[in-house]
Amino acid sequence: MEEVNQSVVSEFIILGLCSSWELQAFLLVIFSSLYLITILGNIFIMLLIIVDFHLHSPMYFLLANLSFIDFCLSSVTTPKMITDFLKENKTISFEDCMCQIFFGHFFGGGEMVLLVSMAYDRYVAICKPLHYSSIMNGQMCIGLVMTSWIVGFVHSISQLAMIIKLPFCGPRELDSFFCDIPLVIKLACTDTSILEMWINADSGVLATISFIVLLISYSYILFTICLHSKDGASKALSTCTAHITVVVLFLITPLLNPAIYTLRNKEIKNAIKRL
């Protein structure tokens, strides 16, 4: 009975980014503006791709789904962080904390797989142009998107399953502005060293496989580009630049994706002009 009581935690205390009210007011304006830009930018890209029939192609279908995932991913923790800037006592319930962890890994894992799918799309378009329409058909595009959601879900469930039953009875302070697994498991009233190893391995496998597939895809693409004529190579490289930039800046892409794809993509810019 005593063990059960010890494991019940109703909420965690969030220490946040800082304790100064002046700095918090400044950060409130900054993060609110960035969040608004992120949301509006990704919504704009999704609507643009939907309404402009020139953009009804596999590449932009995947891009629209990437914008949707970025929209969701940026909304997992940012609204809570923004509202906490207005509060003196920052807390999050145990259930909400687990939800943040679940959806953060769900959308994050899904985005990694979707970026791999976009790299595969560019690989087929540049390395196998004559077979592009038959390979990247509607069924394949839907399959790639569904795979990203399924992998994200399985990854998230596996992460959550390893921590949700941990006993929490000691300190409840999270030295962060959101619930992150490494910080949460440190508050558990048990030895979590082996669990941390499994959690890191779970995330590491997904990240490593995604990185290797991306590396192979873009290596083939760059090799093929080098064999093309100067004009063809220039056009192909321009098409891939936005994708490579997004992969490199993966951690902050929910904000940068709209700008990257708008500024680096000629077809997107032409679609904006047609509005």
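Placement of Cβ uses the backbone N, Cα and C atoms for every residue, glycine included.
TrEMBL lists 41-275 with the feature domain 'G-protein coupled receptors family 1 profile'.
Residues or ranges marked as transmembrane segment by TrEMBL: 25-50 (among others).
Residues or ranges marked as transmembrane segment in TrEMBL: 62-82 (among others). Only residues 6 or more beyond the boundaries of the transmembrane segment (62-82), in the same chain, are considered here, and those with a CB under 8 A from a CB of the stretch are 16-17, 28, 31-32, 35, 38-39, 42-43, 45-46, 49-50, 92, 96, 100, 103-104, 107-108, 110-111, 114-115, 117-118, 121, 141, 144-145, 148, 177-179, 246, 253-255, 257-258, 261.
Tertiary neighbourhood of the transmembrane segment (102-120): same-chain residues 59, 62-63, 65-66, 69-70, 72-73, 76-77, 144-145, 147-149, 151-153, 155-157, 159-160, 178, 203, 206-207, 210, 213-214, 217-218, 221, 243, 246-247, 250, 253, selected by CB-CB distance under 8 Å and a gap of 6+ residues from either end. TrEMBL lists 102-120 (among others) with the feature transmembrane segment.
Per TrEMBL, the feature transmembrane segment maps to 141-164 (among others).
Taken from TrEMBL, the feature transmembrane segment covers 205-227 (among others).
Positions annotated as transmembrane segment by TrEMBL: 236-256 (among others).
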